[in-house]
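K.L.:
If you scroll down you'll find the structure; I have some questions about it.
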Amino acid sequence: MAALTIHAKSHDYDVLVERGVRHKVGEFIKGRYASIFIITDEAVEKYYLEDVKKSLNGIADVSTAVVPQGESSKSMRQYEHLLNSCAEAKLDRKSLIIALGGGMVGDLAGFVASTYLRGVDYMQMPTTILAHDSSVGGKVAINHPKGKNLIGCFYNPEKVIYDIETIETLSEKEIRSGYGEVVKHAMLSDDVWFNELLERDILDFSDSKLESDLTKGIQVKAAIVQQDEREMDLRRHLNLGHTLAHAIETELGYGEITHGEAVAIGLLFTLRLSESLFNVSLPVEEYLTWLQNNHYPLSIISELDTEAIVERMKWDKKTVDGSINFVLIKKIGDICVEPVPNQHLSEQLNMLKAEVSGI
């Protein structure tokens, strides 16, 4: 078991990482809420919804809403549907919304909680490796056809309950997706953890190793968020790999590639781009080998329309007056944000496309 506290400006909240903890949810909220509304997706529903409902038996009135699986559910349509469901369930400001699922569910349910009645309490119950990132830090959002997470706000959960037993039902693709964010946190942290990850097969992990990776990732994010909750400066570092990743997701269509896979590809581009800008040597080849060994969809890179992708990157939230501000790496653990000319981005993307086309 691992437990840590996030010190946010709005309030402190605890993160608990423990096998089987979904069976004890009621213990953490007993007597605090008259009604509870669980939002989950179709995949998680069949595995874990009844366990959570059973743990809440006799604690409060419980109602549920199930949305389709996948990034396409982070939409205005599903958002409106869930607001209607909240109203039909007669939720009030003494109600609790529980986000039971991966990053999509957490973002969507959190945004519903932040806006319904101008804000009701919510709890994150992540069920994927990827959501170790999104469940902490208070960013909640839905997508827009022009870009990912364009509609959202900052709204912290009351608690994060992370049952690592739920990882057992993830597909290999979802495990790859999750480790895209894990390796991002390692790059933000130090080369010891990063190099240790590069030596591993991500499908071969124990409970203790998984708990360690997740806890380290949460600690890296917490340390940054506690200094810059509203992403005015330092928190932008957490977008490492995301400028290209979001552009790929939007250009290909939400759900065609997982978020973590897109981030993993974005990190590869960031390493190459950083080398070209700072005249430094970074572990690009080692990281590329790790991506290949763990079957990340590198072929997608050579299929990208460079001009369209650069245009998509202009919708990144770090862009100012049309200038794309990129999160870059001087060395593992040494991160900065600097504007990069569009022409240089195009040149480097074309070079990466040529490099991976021969793999």
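Using N, Cα and C of the backbone, Cβ positions are placed for all residues, glycine too.
Automatic prediction, not curation, is the source of TrEMBL annotations.
Not measured: the values here are computed from a predicted model.
In case it helps, TrEMBL gives these features for our protein:
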type: DOMAIN; residues: 65-176; note: domain '3-dehydroquinate synthase N-terminal'
type: BINDING; residues: T127, T128, K139, K148, T166, I167, E168, T169; note: NAD(+) binding site
type: DOMAIN; residues: 178-319; note: domain '3-dehydroquinate synthase C-terminal'
type: BINDING; residues: E181, H242, H259; note: Zn(2+) binding site
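On this model, are these features tucked inside or out on the surface, and what's nearby?
P.N.:
Mean pLDDT for the domain '3-dehydroquinate synthase N-terminal' (65-176) in this predicted model: 97.
According to DSSP, E168 (NAD(+) binding site) is assigned to a helical segment.
Look at H259 (Zn(2+) binding site): DSSP puts it in a helix.
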K.L.:
Out of T127, T128, T166, T169, which of the binding-site residues is least crowded by other Cβ atoms within 10 Å?
P.N.:
T169
K.L.:
Reported as an integer number of Å, what is the Cα distance between I167 (NAD(+) binding site) and E181 (Zn(2+) binding site)?
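P.N.:
Between the alpha carbons of I167 (NAD(+) binding site) and E181 (Zn(2+) binding site) there are 15 Å.
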K.L.:
Could you find out if DSSP has T128 (NAD(+) binding site) as helix, strand or coil?
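P.N.:
In the DSSP reduction, T128 (NAD(+) binding site) maps to coil.
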K.L.:
Among the binding-site residues K139, K148, H242, H259, which residue has its Cβ surrounded by the fewest other Cβ atoms within 10 Å?
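P.N.:
Ranked by other Cβ atoms within 10 Å, the binding-site residues K139, K148, H242, H259 bottom out at K139.
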K.L.:
Using the Cβ center of E181, H242, H259 as the Zn(2+) site position, which other residues in that chain lie within 8 Å, going by their Cβ?
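P.N.:
What remains near the Cβ centre is L130, D133, G180, K184, G241, A245, G260, A262, V263, G266.
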K.L.:
To the nearest whole angstrom, what is the C-alpha distance linking K148 (NAD(+) binding site) and H242 (Zn(2+) binding site)?
P.N.:
10
K.L.:
E181 (Zn(2+) binding site) has how many other Cβ neighbours within 10 Å of its own Cβ?
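P.N.:
The answer is 28 other Cβ atoms.
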